[in-house]
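*Asks:* The structure under discussion is supplied below as C-alpha cells; questions concerning it will follow.
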Amino acid sequence: MIIGLFNHWVVIILMMIGLYIVIAHGNLIKKLVGLTIFQTSVFIFYISIAKVDGGTAPILADGITQYSNPLPHVLILTAIVVGIATTALGLSLVVRIKETYKSIEEEEIQQQDNEEQLTKHKTEDSA
Amino acid sequence: MITHLPILQVITPLMAAPICLLLNRSQLVWMFSLLASGLAFLISILLLQQVMISGVISYELGGWQAPWGIEYRIDKLNAFLLLIISGISTVVLVAAQTSIEKEIPKDKYTYFYVLYLLSLTGMLGIVATGDAFNVFVFLEISSLSAYALIAMGQKRQALWASYQYLIMGTIGATFILIGIGLMYQMTGTLNMADLSQRLPEVAQTRTVFVSFVFVIVGVCLKLAMFPLHLWLPNAYAYAPSIVTAFFAATATKVAVYLLIRFTFSVFGLSFSFTTIPLQTLFMALGLIGIFIASATAIYQKNVKHIFAYSSIAQIGYMIVGFSLSTVTGLTATLLHMFNHALMKGAIFLALAAVIYRVGNVELNHFRGLGRQMPLTMAAIVIGGLSLIGVPLTVGFVSKWYLLTALVEQGWWPIAVLILLGSMLAVVYVWRIVEVAYFKAPLDENIKVKEAPVSFLIPIWTLVIANIYFGIDTRLSVQVAKGAAQSLFGVSP
Amino acid sequence: MINIVLLTLLVVIAIAIIRMKDLFAAVMLAGIYGLLSASFFVVMDAVDVAFTEAAVGAGISTLLMFVVITMTGRKEKSIRHKPLPALFVVIITGGLLIYGTLDMPYFGSEDAPIHNHTSPRYINDSMQEIGIPNIVTSVLASYRAFDTFGEVVVIFTAGIGVLTLLSIARTKKNDEEIESINDSMHQQHLVVRIIAKMLIPFIFLFALYVQFHGDFGPGGGFQAGVIFASAIILYAMLFGLVTARKVINQIFIQLIAALGVLLYGSVGIVSLMNGGNFFDYNVLSSNPITGQHLGILLIEWGVGCTVASVIVVIFFNFAGRRELQQHKKPSQDKESSK
Amino acid sequence: MEIVITISSGFLLLVGSFLCISGGIGLLRFPDFYTRMHAVGVTDTLGAGMILAGLMILSTDFLVFAKLVMILLFTLLIGPTTSHVLAKAAFHNGVIPKGSNNLKQTKEKESTSSII
Amino acid sequence: MLIAATLAILVAMILAIIRGIAGPTLYDRILAVNMFGTKTVLLISLLGFVMGRPEFLDIAIVYALINFISVIGVLRYSDTNQFKHTPKKNKSIEKEL
C-alpha cells in the first residue's frame, strides 16, 4: 500500500505547501507563487493518475502496445493555460496595487483601507 | 438551426467578444454587444420552450458520442438559468453605455464590453454544459473576466477587492478541479450523466466522499456562502456599477446552480444527503448567514455595501431551501434565484443611476433623493419591499414557497427564524427610505436631476417584472416546479 | 524510482520557497519547481504537458514575476499574518485528501477505472477516426475540441484583462526618452545581442516546426505560440521595447489575438453550415479523415495565433509599465528635491 | 561495430557525467561567486557536449540525430554567453571577488568598466 | 551506462538546488538555476533514450531556449538599484540562512 500510494501522498504534501503559502503569507507576490505551486501540484496529481506501469507516451508508434492514458494530459494542458492566465492577471493587479497603495503587503494595505474609512466617517460625522 | 440552439446559446456572445475587439468604436461595440446578448436571450427563450415541450435536449459537440466527446445537456433547470442570465445581461447592457461614461476611462470602453461578453459566455457555458471538466474551463472564463471587470472600478479599493477575489476564486476553482479529478479517477468519465450512472458503484469508497467534499467546498467559495463570503462585499461595492448589477443578479445564481447540479444530478440525492450531514450543516450555515449578513448590512454606510451584504443573506435563503431536499424546498430555491435576480438587478441598476447623477452611494448623499430622483428611488423602494417579501412582489412568492416547504416538514421554529430574518431586511431598507425621503438634501443649491431614460427603461423593466411575476406566478412557478420535479425524478 | 527522487526534490524546493524572504530567490526557485515538475511529466509519459509546463511554468510565468518584482520591491516583510489558522486549514484539507487516497487505485495499476472506460477508445480507435499518431492532439483538437476552445478564450480573456489593467496611452515624447536611455544601456549587451540575433531565426523556425509537427510528436498550437512569443520577448528585452513595438504594433497584435479566436470558432461554425454538429470536422471535406486533418490544422493555427499574440501583449504591457515607472522615478525625485 | 558504438558512447557518457558531477561539486564547494561560476561554466559546456555526443552515437534515427546536434549547438552558444553576462552583471552590481580586499580599487574598476 | 549518466545528472541537479537555496548572493542563485536548466536538458535527452522513445527531444530544445531566455530576462531586469549588491546586505542574508 505504501508503495502504491506514496506518489499520491507526496503530491498532496506539495499541494498543501502551496495552499499554506497562499493563506499564511501576506506578500501579494508570494501568494501568487504559492498559488502557482498549488496548481502545479494538482497538475502533477492528474498526470500521475494517468500513468500505466510499462506504458509509454501516448503517441502511436509501431511495436508498442501499452500507452498511458491521454485524457488527463489533455485536461492538464488546458489547466496549465488557465494557470498562466490567472497568474498574469494576478500580477497585473499587483502592479496596480503597488502603484496606488505603495505597498504589496496585505497588512499594510488593509491598514490603509481602514484608516481611510475612519477618516471619511469622521469628517462625515462632523459635517 | 433549431437543433443547434444549445451551442448557439454559448457561441453567440463568445464569438461576439473578439469581433467587438475588432470593431473598436465605443458606440458600435455597445450596440453590437447588446445585439449579441439579446440574441442569446432570444435563443434561451426558444430553448426553454423546446425543453418544456420535448424534455431534455442533448447536443454532442464535434459529433462525438457522449462520454468520449463533450455533451451539452439542456434540461428544465439549465434552460431556466440560461433565461435568467441572458435576460438580465441584456437588460443591464441597455444602461451600460450611459453608466460607464462616468466610471471608466474612454480608451477602455471596448475592453469593458469584450470582458462583459466573455463573462456572460462563461456563465452560460457553465450552465449549459454536461461535462464536469468543461464546467471548470468556463468557470475560469467567467472568473477571469470578473476579476478584470471588478478591477475597473474607480477607487483603489477595487483593485484590492479584485485581488482578494482572484485568490479566493482560484482556490475555489482548484478545489473543484481536485474534486473532479478524484471523481474521474474513480469512474473514468467526465460526462455528468455518465458519472451519475457510474458513481453509485463506487459510492462507498472514501475517495468519492472526499471528491464530494472538495467539489462542495469549491462551489461554496464561489457561492460566497456564509463563512466563505469575505470576498464578496468589497468586490460588489467597488466594481463599476453596471458590473455590480450584472454580477449581483447572476454570478451567485450560477454557483447555486452548480451546487444543485453536483448534489442532485451527479452525486445523486441519496449519496449527497446521507454521507455527510449536509442537511443540518447547510441549514445551520444558511440561517447563520441570513442573520449575520443582514445584521452587518444594517450598520453599513455605503448603500452598495448594504445590498452586497443583503445578497449574502439572500444566498442564505436559497441554501435553506436547498438543504430541505424536497420538491417544494428546491422550487423555493429556484424561484428565489429568479426573483433575486430581478430585484437585485433593479436595485443595483438604480444605484448605478444614483452614481451617475450624484457621484457616489454613501448613505448621507441619499438625502432628499426621494424628491429629486423619484422614479429611481421608487425602484429601489419596490426592490427593497421585494427583498423583505411584501405581498404583490416577487419576493413574497419565493418566501411563501420556502415557508410552505418548511411547514411541510414540520420545521416550525425555522420558519419563524426565516420570518425574523426578513424583519432585519425591513430595518436596512427602512434606513435608506428614511434618508431618501425624510431628510433634507445635503446642499439645497445642487439640483440633482432624474436619471436619464437609458437608465429608467431597464430599471423599470425589471421593476415591472418584479411586480408582474409577484402577481401572476403561473409561469415562473411552473418552470421552477418542473425543474425541481425533474431533479427528483418525479414525473409532473 | 526516478519519480520518487524528483518528487522529493519538489518537496525540498517547495519548503525552501516558504522560508525564502527574498522574493527574487523565491521566484527563481518557483522556476526550478516548474522545470522539475516538467521533468516529472516526462517520466510520467506526459510529453505534451511537459512541453507546455517547461515553456509556461518555467519560462513565461517566471519572467513575468521577475518583471513585476523589479517594480514592486524585492523583500518580503517578515510578518506572516496568520500562520496558525493557515496551518489548521492546511492540515484539515491535507488530512482529508490523504484519507481519500486510501481507496484509490494504486499508482500505475492497469485496472484502474480511468484506463478502462473512456480511454481505450482514444488509444485504439483514434487512428481510424482521426488519423494522426499523437493521441493527445486527437483528443485535444477533436474529441474535446470545445475544451480547447475554452482554453483559447481563457488566454484571450487574460490578455484583455491585462490590457485593461496595465495599458497606458503612449506618447511619442516618452517613447523617445525611453529609447535614448535604452540605447545607452544597450552598449552593455553587445555579446548577448549578437548571440540573440543568431538564435532568433532558429527559434521562429523551431516554433513553426512545433506547430506543424504537433500531429506526430509532442507540440501543437499552444506550445508553438509560446515559443514564438518568447522569441519576440527575447528581442524586446535586448533591443528595447520601443524598437520591438516598432516591429510589432500593439494594435496589430490585438487584432491577431481576436482573429485567432475567430478562426477557431469559425471552423465550428463552418461545420454547422455543412450540416454537422459544432466542431464536427468530418463534414469539412468529402473524406472524413481529410476533414479531421483540415479541422485540426486550422484550429491549431487559431490557438497558435491567439496564444503567441496574447503572451506578447501581456509581456509588452508589463515591461512598458515598468519602463515608464523607471523613467518617471528620476524626474519625480528631482521635483521633490526642488 | 556494435561493440565500438557501445564502448565509445559509454566512454563519452561516463566522462560527461563525471564532468557534470565535478561541476556540481565545484558549484557547492568553491568559496565565492566567481570561482563557482568558473567551475560551472567550464564543466557545463564540456560535460553537456560529451553526453550529447554519446547520445548521438547511440541514435539510429536521423531526426533524433539532427535534434541532438541542434541541442549541442544551442548549449555551445548559450552556455558561454550566459556565463559572460552573469559575470559582468555580478561585477557591475558590486559582487566583489574574494581575496580582493581593497574595496575602493574594485569600485574604481567598476566605474571604468561600466561602458564595456 | 545511460542509467548511470542519468543518476549522475540527478546528483548534479541536487547539488545545484542546494546552491540555489543557499545563495548567498542573487548571482549564485541565477548561476544555480542556469546550471539546473542545462542539467534538465541533459536529463530529458537521456530519459528519452532510457525509455526507448528518443523522438521527444523537442522538449529538451525548448528547455534550452527557455533557460536562456529566462536567464537573460533576470539579468536584463536586475539592473535596477535595488539589485545592487552590497557586502553588508550580503552578510545579513547569510545570517538569515
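For all residues, glycine too, the Cβ spot is worked out from N, Cα and C.
From TrEMBL, for reference:
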type: DOMAIN; residues: B:131-424; note: domain 'NADH:quinone oxidoreductase/Mrp antiporter transmembrane'
type: TRANSMEM; residues: B:30-57; note: transmembrane segment
type: TRANSMEM; residues: B:77-97; note: transmembrane segment
type: TRANSMEM; residues: B:135-153; note: transmembrane segment
type: TRANSMEM; residues: B:165-186; note: transmembrane segment
type: TRANSMEM; residues: B:206-224; note: transmembrane segment
type: TRANSMEM; residues: B:236-260; note: transmembrane segment
type: TRANSMEM; residues: B:280-299; note: transmembrane segment
type: TRANSMEM; residues: B:306-325; note: transmembrane segment
type: TRANSMEM; residues: B:337-356; note: transmembrane segment
type: TRANSMEM; residues: B:377-398; note: transmembrane segment
type: TRANSMEM; residues: B:410-430; note: transmembrane segment
type: TRANSMEM; residues: B:451-471; note: transmembrane segment
*Asks:* In the same chain, which residue numbers or ranges, 6 or more beyond the ends of the transmembrane segment (B:337-356), come under 8 angstroms Cβ to Cβ?
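*Replies:* Tertiary neighbours of the transmembrane segment (B:337-356) are 80-81, 84, 88, 91-92, 95, 98-99, 101-103, 241-242, 244-245, 248-250, 253, 256-257, 303-304, 307, 311, 314, 318, 366, 369, 373, 376-377, 379-380, 382-384, 386-387, 393-395, 397-398, 451-452, 455-456, 458-459, 462-463, 465-466, 469, 476, 480.
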*Asks:* The transmembrane segment (B:77-97): which same-chain residues, six or more beyond its ends, come within Cβ distance under 8 Å?
*Replies:* 9, 26-27, 30, 33-34, 37-38, 40-41, 43-45, 47-48, 51-52, 112-113, 116, 120, 123-124, 127-128, 242, 245-246, 249-250, 253-254, 257, 260-261, 334, 337-338, 341, 345, 349, 352-353, 454-455, 457-459, 461-462, 479-480, 483, 486-487
*Asks:* Return yes if the transmembrane segment (B:451-471) and the transmembrane segment (B:280-299) have at least 3 CB pairs under 8 Å (sequence gap of 6 or more), otherwise no.
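*Replies:* By the criterion, they do not touch.
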*Asks:* Can the transmembrane segment (B:280-299) be said to touch the transmembrane segment (B:206-224) if we require at least 3 CB pairs below 8 Å and skip pairs under 6 apart in sequence?
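*Replies:* With fewer than 3 qualifying Cβ pairs, these stretches do not touch.
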*Asks:* Taking contact to mean 3 or more CB pairs closer than 8 A (sequence separation of 6 or more), are the transmembrane segment (B:410-430) and the transmembrane segment (B:306-325) in contact?
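*Replies:* With 3 or more qualifying Cβ pairs, these stretches touch.
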